[in-house]
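According to TrEMBL, the feature transmembrane segment maps to 57-75, 87-108, 129-156, 220-237, 249-273, 293-314, 334-353, 388-408, 429-454, 460-483, 504-525, 537-560. Look at TrEMBL and you will find G63, A65, V66, N70, S303, N335, L400, D403, S404 tagged as Na(+) binding site. Residues annotated as disulfide bond in TrEMBL: C168-C177.
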Amino acid sequence: TSELPSDTMGPKEVELTLVKEQNGVQFTSSAIVAPAPTQINSSGEEERETWGKKIDFLLSVIGFAVDLANVWRFPYLCYKNGGGAFLVPYLFFMVIAGMPLFYMELALGQYNREGAAGVWKICPIFKGVGFTVILISLYVGFYYNVIISWALFYLFSSFTSELPWVHCNNTWNSPNCSDWADNSSIGDIYKATPAQEYFERGVLHIQDSNGIDDLGRPRWQLTSCLAVVIVLLYFSLWKGVKTSGKVVWITATMPYVVLTVLLLRGVTLPGAIDGIKAYLSVDFLKLCDAKVWIEAATQICFSLGVGFGVLIAFSSYNKFSNNCYRDAIITSSINSLTSFFSGFVVFSFLGYMSHKHNVALDKVARDGAGLVFVIYPEAIATLPGSSVWAVIFFIMLLTLGIDSAMGGMESVITGLIDEFKCLHKHRELFTLFIVVSTFLISLFCVTNGGMYVFTLLDHFAAGTSILFGVLIEAIGIAWFYGVDRFSDDIEEMIGQRPGLYWRLCWKFVSPCFLLFMVVVSFATFNPPNYGTYSFPPWANMVGWCLAISSMSMVPLYAIYKLCILPGKLAYAITPETEHHLVDNGEVRQFTLQHWLVV
């Protein structure tokens, strides 16, 4: 096709410039300027923004999925549940549920090019689940940013010749404080190590609170760290994926550099090999215990980041023909390999601690905040050049946390902007509103009793509710929209149809797995506690209200949809693009073939 000269086609804009006014006559100069290029797609809408480079998208997804839990939860689960044997249920659930659901969300976002709520134009009655996952992401942001601010506080505290958690002679220490070295009976529960007291008394000031009903005021040191985190988040997200795609070049790759450096240092320490052996020791008898399988299933559900709406939001900015199948395989595999790799780093240091203090490994092994803010800093403090190692370690925690927090925020922002089009023009202001709101609620977590609020949010915000959300999502796509239709969509994008294995997983295996997980999480529910502190009944009620508030979006929206479409269930379960077929009495969902086809 021969290109016409540019001056013969396209709209023109004339720019008039007032030069001067003489004797009441205005002299003007005019110039023809090219209009700002607005990409318009075939349906006449403004073209959606896309990632600058393909690698920006991959790094964003990896950065979101690889978070603190890969370091502080997976290695401990492995150690506790039969070492290498734990990989059997872990990989099993990865293959039957983790990867298929990951692939499903990437394809769903990329084909429909909308956030978590907007994609449900394929089956309007299920749009409530979009609001469910947006709310969950918002709730998680309330406490997740606090972990990053703790890491920032520790980072600032590490710039000293002697780390502040080495001795018991600080103002925050209690009479119970005892150095490992002179503590002969390590089993003595009344003794606390300097690192433990630094975290609980020096950083959190939990000793100044009697419980969740006695929070006190926000502490200025943690509040300022939290403010820095919020500012970082805002400037990473305000311009959309064009800016966040550049930030992840640092935040997604830095943890791998640091983990490798820490591993090289860790394996040279005495006792490190014993720690790694304990991490990998295989005990297949553990596989007879149902709890091991449940923990593996839970870890898969949470570690891949399915159900937060983030994968849908990220993939909605992809080019339509992007190979999302390959992306799903690559990113979910990298996530699991990172979890496994970080176990070597964690256990080389735990083995060293066990050797140094001459105690059993299970005395020092733990998961959660205690691992990265107590045990690890304690191990680092005993090394030569400890301040340098501490700085490196906390930079890793910061980068691990910040891109996961960015993902959660992006899910909320994209989901709501796509749903309420009037916000499109004001993305920067809306992003500011979201991050400031998050900051204000997070202030409850940086008070003296903030750890209690943190524990409550952590327990209720994204537990059962996220499993429920993904279950409804899988049913909506595989059963109501139809696996065959979904497969047609994928074929239209990448040129190849998903194999029978993926279609069977989407239709039968993954929904059954998720239903089982929802039932188990209700059946095995334990009220939260922090150490010896048990929460009062009203606090548990608040927690349940939080969990139910997100889940209730599904039935509430379905009822709303049925009310505004009186007598037309067919409209509510048919893709919006096919509503003209309903008028002719053609409803695929009312045929037996629709429900049987795979």
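Note: Cβ is positioned from N, Cα and C throughout, glycine not excepted.
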Inter-residue C-alpha distance, L400 (Na(+) binding site) and C177 (disulfide bond) (nearest angstrom): 31
Least surrounded among the recorded positions, given as V66, C168, C177, L400, when other CB atoms within 10 Å are counted: C168
Among S303, S404, which are binding-site residues, the residue with the most C-beta atoms within 10 angstroms of its C-beta: S404
Cβ-Cβ neighbours of G63 (Na(+) binding site) (radius 10 Å): 27
Residues close to Na(+) site centre defined by G63, A65, V66, N70, S303, N335, L400, D403, S404, Cβ within 8 Å: I62, F64, D67, A69, G305, T338
Candidates 57-75, 129-156, 220-237, 460-483; stretch with most C-beta pairs under 8 Å toward the transmembrane segment (87-108): 460-483
Positions whose Cβ lies under 8 angstroms from the transmembrane segment (57-75), at least six residues beyond its ends: 51, 106, 147, 241, 244-245, 248-249, 251-253, 255, 279, 299, 302-305, 310-311, 314-315, 317-318, 322, 327, 330-332, 334-335, 338-340, 342-343, 345-347, 367-369, 371-372, 397, 400-401, 403-404, 406-408
Candidates 129-156, 249-273, 293-314, 460-483, 537-560; stretch with most C-beta pairs under 8 Å toward the transmembrane segment (334-353): 249-273
